[in-house]
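First, the structure itself, so that you have it in front of you.
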Amino acid sequence: MAFYSCCWVLLALTWHTSAYGPDQRAQKKGDIILGGLFPIHFGVAAKDQDLKSRPESVECIRYNFRGFRWLQAMIFAIEEINSSPALLPNLTLGYRIFDTCNTVSKALEATLSFVAQNKIDSLNLDEFCNCSEHIPSTIAVVGATGSGVSTAVANLLGLFYIPQVSYASSSRLLSNKNQFKSFLRTIPNDEHQATAMADIIEYFRWNWVGTIAADDDYGRPGIEKFREEAEERDICIDFSELISQYSDEEEIQHVVEVIQNSTAKVIVVFSSGPDLEPLIKEIVRRNITGKIWLASEAWASSSLIAMPQYFHVVGGTIGFALKAGQIPGFREFLKKVHPRKSVHNGFAKEFWEETFNCHLQEGAKGPLPVDTFLRGHEESGDRFSNSSTAFRPLCTGDENISSVETPYIDYTHLRISYNVYLAVYSIAHALQDIYTCLPGRGLFTNGSCADIKKVEAWQVLKHLRHLNFTNNMGEQVTFDECGDLVGNYSIINWHLSPEDGSIVFKEVGYYNVYAKKGERLFINEEKILWSGFSREVPFSNCSRDCLAGTRKGIIEGEPTCCFECVECPDGEYSDETDASACNKCPDDFWSNENHTSCIAKEIEFLSWTEPFGIALTLFAVLGIFLTAFVLGVFIKFRNTPIVKATNRELSYLLLFSLLCCFSSSLFFIGEPQDWTCRLRQPAFGISFVLCISCILVKTNRVLLVFEAKIPTSFHRKWWGLNLQFLLVFLCTFMQIVICVIWLYTAPPSSYRNQELEDEIIFITCHEGSLMALGFLIGYTCLLAAICFFFAFKSRKLPENFNEAKFITFSMLIFFIVWISFIPAYASTYGKFVSAVEVIAILAASFGLLACIFFNKIYIILFKPSRNTIEEVRCSTAAHAFKVAARATLRRSNVSRKRSSSLGGSTGSTPSSSISSKSNSEDPFPQPERQKQQQPLALTQQEQQQQPLTLPQQQRSQQQPRCKQKVIFGSGTVTFSLSFDEPQKNAMAHRNSTHQNSLEAQKSSDTLTRHEPLLPLQCGETDLDLTVQETGLQGPVGGDQRPEVEDPEELSPALVVSSSQSFVISGGGSTVTENVVNS
């Protein structure tokens, strides 16, 4: 009695608890029973349970043709195994398959049925009854589909270690073996799928997406893993929403508004088709287009979403699909289904009715109930499922499945169906291992084997964990330690078929889980059709891409993906799009105009090839040529008076120094090297000091001689050539010492200056010591200042005495140039520093060359008549007479004042300003050299009393004159000189006698004081000039003239053979001087 009571309790638990009727299952007896859980319907009808009566099981609605095909795949695999002699011979597999209706509650009802039929040791029911012979055990379960459903089922089956092999549940939570002890699956883990989604977004350079997930154990873990992967790739999520097929309208409206207001174009969805369908319907109703949907494998090929009327919203969807498999003979098996023939499949009747939209009457042989009315059914908006009640015609039973397009018959890509097929074969191979196990080699204690006829579920689970077999496609099948079967994904794109207008899934790439990171994803972009039938990759970024040359700048308060593009600063670059930072260019490089790369900095110096450098070089060469030309002219005409009058040896040295000055400017042109930097400043400084020293010595020599009170041979000897060269050497040696100290202590060197301008490297000379450079230039300016002082002081001396006036001008030019050089040098940089110094050198050099030598070259080449000894004598005598005239006038003024003080008449005082004018007549023949000077000075009365002889008259008529007119304000002094050939006769002896008598007299006339200097400028004759003053009070006397010692350096004396007349008029008095030489 107890035995029967126990059996009835278990049967009640099995049948009444599950509340499944005969037409809500597919079952077949066998030696070993396999359980199956499939979503034959998408959901259940909402029904209020007020508990006023016994609660009934909820009704399943919205038929799932794919779910029925998956069920058919399990039946096909079992029948194929039963008919195979190689696998489980002499054993028959049976099945019990239930509809989960895609809900946890229905799945648990079916699971309780599986559990109740097993021997439950934990309940200790064996003491009361043994029903195992009457109710066969379910040793494994295939299913379920959704991860949420499988999670609930796994929790229950895991309590009894009943193996569960899922074909579509990919949640990564199910890999936890501590919680789900008996769960295995033939589908990859969602962890790889989430990574693949992030890789696709990174591939298309999207960084601004939205996420939607099903509010279950599939959607939440999947989207969480995606967030982790997105964060690693700097992908920002604009919004994240949870949905469910049971969400109320308000929740759906909220999610739709979020999508509509979002700027993200790409939406990642981890959900199943039934959970996503209400949201898609509302989006279609609002006509929200332009979004790119990234679908997980749970809905990537869902018939609920992939409907033509939704294509304008979901067209272009990129989704993941499991790798398609091949099931030989499965196509024909699907076509054989018929409600009257498929006696073991209780779902065939409803399938037939939903396929042909008709109503089947129960036949005599069929198990179908007899209904006297036409059934209505809720359908899901299409011909197979709608929300309205419609009356259906009777089915004839002769309908052809091939004539109707349904997802059931779409076997082109067998993905989930193949996973079901593989799950059944996995269990079969585990049973085969038990069947073929040899004692001692088993997996159990002491190598024992399980008895195939009394096999238990936990034993099958043990063998499934160690399963390893080759499937019909030649692939190795094995479960890892987490019970997962690692596999690859196909990437599909939703297209609209041009033939029938249905949505087709085009394979556009794949994702290889086994490949290395970065090589897992392959996409053929040419095959992708985006939303709106566009071939262009859509833009889904919070900010536009920052092009090369810019970097991403953070916007405060915004996600990291929302940024502004900031141009790279000068000296930095970015050569990639969306660079997070700019790279700094190397030291000798600078960023280009677009900051996309680094280019070598421009090297800048005063080059030989640039126009400015060429111009300066030409001027320097011109200066060298002109200086060489002047030197050549001076050498060629070295014996002419004008060359001799300029102290030709010093002139040669001066011209050589000018050549050095012009040449030194060339060291400042070209790329600076260490040796040129060390050479150019000393070369410039020494050359200019040598030049100025020559001018200084020449000018000072003349000044000292003219200022001497009693010029004697001491002055001539002191200012000899040797001493002059010695002074030039000493002045130059000081500059050499400065340069040597400079080069020894802090030598200049070439320097690459990158601080002045960012884009240019200025190759300049680092002077080493600015103090040394200051000493060099300061010493040069000091000598120039002294030279200018002496030249200015001697500016009124005779022109032929080194042209002091022109030297003054040259020194003025020199100072103007170098004073202008200082601010210009200080305010310029780079190559212009060298250019300024070159210009200063050339300007100063040209000034010295032009002022000192060009006038002489002009006279030598174009006015040879002035390049005579007579012209030199005239100039010298003119200066002497001007000095004498001043002295005479001063004495006249003194006598007048003295007479006025004694009561005499007074006259006006002449002005102190004096001007002179000289006129030279025909050139004189050059006199022969005289060894003895024979001047003669006669008084005015003697000149009038002594008659002239005929030769003297002729000579007086022919001899040339040099006239001078001196103006003293209100007074005028006019004098004239004439020169004649010296005669070695009695007349010369008589003149000598008169000269001796005149030398005995004491005279203070200034003319006599300058007389010894006359030979310094005269070429080859001696000069004898005596002026006797009459009509003036006071004694008349003169100093004795020293002898000429050096005939080459000192010119011979002149013989004055005509009268010298001075007319001095001042106020009411006139002073006349006549000097007659014959």
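Our numbering is plain: 1 for the first residue shown, then up by one each step along the chain.
Heads up, the Cβ atoms here are built off N, Cα and C, so glycines get one too.
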Between C542, C546, C582, C585, work out which one Swiss-Prot annotates as bonded to C568 by a disulfide.
C582
Looking at T17, T550, T888, which is the one Swiss-Prot tags with phosphothreonine?
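Of T17, T550, T888, Swiss-Prot lists T888 as: phosphothreonine.
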From the disulfide entries in Swiss-Prot, identify which of C542, C585, C598 pairs with C562.
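Swiss-Prot lists the disulfide between C562 and C542.
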Taking S170, S540, S574 as the options, which does Swiss-Prot list with I81, S84, L87, L88, T100, T145, P188, D190, E231, D234, E297, Y489, G557 at the Ca(2+) site?
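Swiss-Prot lists I81, S84, L87, L88, T100, T145, P188, D190, E231, D234, E297, Y489, G557 binding Ca(2+), and from S170, S540, S574 it also lists S170.
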Between the transmembrane segment (649-668) and the stretches 611-636, 675-698, 723-745, 770-789, 833-854, work out which stretch tops the count of Cβ pairs under 8 Å.
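It is 675-698, which has the most Cβ pairs under 8 Å.
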Could you name the stretch, out of 611-636, 675-698, 723-745, 770-789, with the greatest number of CB pairs under 8 A to the transmembrane segment (833-854)?
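Most Cβ pairs under 8 Å with the transmembrane segment (833-854) come from 611-636.
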Which sequence-distant residues neighbour the transmembrane segment (770-789)? Criterion: at least 6 residues beyond either end, Cβ under 8 Å.
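Tertiary neighbours of the transmembrane segment (770-789) are 681-682, 685, 688-689, 692-693, 695-696, 699, 731, 734-735, 738-739, 741-742, 745-746, 807-808, 811-812, 814-815, 818.
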Just to be sure I understand the packing, how many Cβ atoms besides its own are within 10 Å of the Cβ of E297 (L-tryptophan binding site)?
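Total other Cβ atoms inside 10 Å, all chains included: 25.
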Which one, from the recorded positions S147, S170, T888, has the smallest tally of other C-beta atoms lying within 10 Å of its C-beta?
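Counting other Cβ atoms within 10 Å of each of the recorded positions S147, S170, T888 gives the minimum at T888.
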Looking at the binding-site residues S147, A168, S170, E297, which has the shortest Cα distance to T888 (phosphothreonine)?
E297
What is the total of other Cβ atoms whose distance to the Cβ of A168 (L-tryptophan binding site) is within 10 Å?
27
Report, as numbers and ranges, every residue of the chain located at least six residues beyond the transmembrane segment (611-636) whose Cβ falls under 8 Å of a Cβ in that stretch; write 'none' if there are none.
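Distant contacts of the transmembrane segment (611-636): 643, 648, 651-652, 655-656, 658-659, 661-663, 665-666, 669-670, 835, 838-839, 842, 845-846, 849, 853, 857, 860-861.
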If we skip the immediate neighbours and take only residues 6+ beyond the ends of the transmembrane segment (675-698), which ones have a Cβ under 8 Å from one of its Cβ atoms?
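That would be 646-647, 650, 653-654, 656-658, 660-661, 663-665, 667-668, 724, 727-728, 731-732, 734-736, 738-739, 742-743, 747-750, 765-767, 773, 776-777, 779-780, 783-784, 786-787, 790-791, 802, 807, 810-811, 814, 837, 841, 844, 848, 852.
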Using the centroid of the Cβ atoms of S147, A168, S170, E297 as reference, list every other same-chain residue with Cβ within 8 Å of it (recorded L-tryptophan site), in sequence order.
T145, G146, S166, S169, S171, I187, D190, Y218, S296, A298
When DSSP states are folded down to helix, strand and coil, where does S170 (L-tryptophan binding site) land?
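In three-state terms, S170 (L-tryptophan binding site) counts as coil.
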